[in-house]
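Visitor: The following feature annotations were taken from Swiss-Prot:
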{"type": "COILED", "residues": "218-245", "note": "coiled coil"}
{"type": "COMPBIAS", "residues": "54-65", "note": "compositional bias 'Polar residues'"}
{"type": "MOD_RES", "residues": "69", "note": "phosphoserine"}
{"type": "MOD_RES", "residues": "91", "note": "phosphothreonine"}
{"type": "MOD_RES", "residues": "150", "note": "phosphothreonine"}
{"type": "MOD_RES", "residues": "188", "note": "phosphoserine"}
{"type": "MOD_RES", "residues": "250", "note": "phosphothreonine"}
{"type": "MOD_RES", "residues": "257", "note": "phosphoserine"}
{"type": "MOD_RES", "residues": "258", "note": "phosphothreonine"}
{"type": "MOD_RES", "residues": "282", "note": "phosphothreonine"}
{"type": "MOD_RES", "residues": "292", "note": "phosphoserine"}
{"type": "MOD_RES", "residues": "294", "note": "phosphoserine"}
{"type": "MOD_RES", "residues": "298", "note": "phosphothreonine"}
{"type": "MOD_RES", "residues": "374", "note": "phosphoserine"}
{"type": "REGION", "residues": "54-97", "note": "region 'Disordered'"}
{"type": "REGION", "residues": "148-185", "note": "region 'Disordered'"}
{"type": "REGION", "residues": "216-279", "note": "region 'Multimerization'"}
{"type": "REGION", "residues": "343-391", "note": "region 'Interaction with the nucleoprotein'"}
């Protein structure tokens, strides 16, 4: 037999299960005629356990009119059996729980004679059991508690909303789904349309926060004390370094003051040297300076007449021999140069030899030259040599 069930066979199986459910739901229960476990056919017991009895089981050899009348009265659907199988009343049905469809033949119900042992496969029995349970549970309404739809609020629900507990409907096995609240109008089990699922809150939302650390990773008090001790020692070392830098700063300040004092002394000595030896500021010889200040031609340009003027007078004079000559120029008289006082310069140079020359031999040589000097130029040469030796 093919292990895969076709779509038509599945539909017939579902309709058969629905008819079985309607039959047991509509039929009255009689305790005296209830089936016991001993009277149930082996192999069909899992399907019929927990169901009411079914009355007037039709045998395959029953008449067509009796089956039709009982099937219409009890809600059981009649099934047409092929003529080839109708004559064999004692033969076993290969699939006892499947609905058999065909054209013509004897009409019989889906229930088999208890005396006939079924030879159907276990897969067919299980499929029949599953289809029957689903059809029965589909039309059995259970009291359901509707889940309240809470409105979303920013920041999470309040204290009152958090205190409420949401009761969920338990599902025992293959129970009815809580998503549909209306009973289906189709007896074939087909879903006409799907209802829109409303947003349901399955559980109470929890506020999101930082999870506390596990107690296993908590530090002991001794570890904390050791860490604090290490940090304290580190800070003490830094403080010692800062204090050491403070003493160094004081030393730098003292050295800086010494440098300033030395610089002031050098500046004073340089000022003294400038006063004693002014010299030529430009370093240009005197002859060049006189040449630059000599007479030169001056050109006057611009509008207007420039009257001619001559520095010489047109008067002629007679010399000693009565010769006409121009006005004689007076002879230049050289002015005697004043004698400069060299005594003060010698005293200043003697003081410089004493302060600036440390070598006794050089000091003695400068004193001898100073005693022999009689002109200003000689004194200036001695002064320059003293300054050079000091540098």
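Positions of Cβ are set from backbone N, Cα and C atoms, glycine also.
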Visitor: Could you count the residues of the region 'Interaction with the nucleoprotein' (343-391) that DSSP puts in helix, in strand and in coil?
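Guide: Each residue of the region 'Interaction with the nucleoprotein' (343-391) counted once, the result is 42 helix, 0 strand, 7 coil.
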Visitor: If you measure from the Cα of residue 257 (phosphoserine), which of the modified residues 250, 292, 374 is the nearest?
Guide: 250
Visitor: Validating a neighbour-count step here. Other CB atoms within 10 A of the CB of residue 250 (phosphothreonine): how many?
Guide: 9
Visitor: Tell me the Cβ contacts of residue 292 (phosphoserine) under 8 Å, same chain only and six or more apart in sequence, or just say none.
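Guide: Counting only residues 6 or more apart in sequence, residue 292 (phosphoserine) has no Cβ neighbour under 8 Å.
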Visitor: Give the number of CB atoms, excluding that of residue 374 (phosphoserine) itself, located within 10 Å of its CB.
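Guide: Other Cβ atoms found within 10 Å: 8.
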Visitor: Which residue counts does DSSP yield for the region 'Multimerization' (216-279) in the helix, strand and coil classes, in that order?
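Guide: Reading the DSSP string over the region 'Multimerization' (216-279) gives 58 helix, 0 strand, 6 coil.
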Visitor: Given residue 374 (phosphoserine) and residue 250 (phosphothreonine), what distance in Å do their CA atoms have, once rounded to a whole number?
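Guide: Distance between the two Cα atoms comes out at 56 Å.
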Visitor: Specify the secondary structure state of residue 292 (phosphoserine) as given by DSSP, simplified to three classes.
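Guide: Note: residue 292 (phosphoserine) is helical by DSSP.
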Visitor: Do you know the mean pLDDT across the coiled coil (218-245)?
Guide: 86
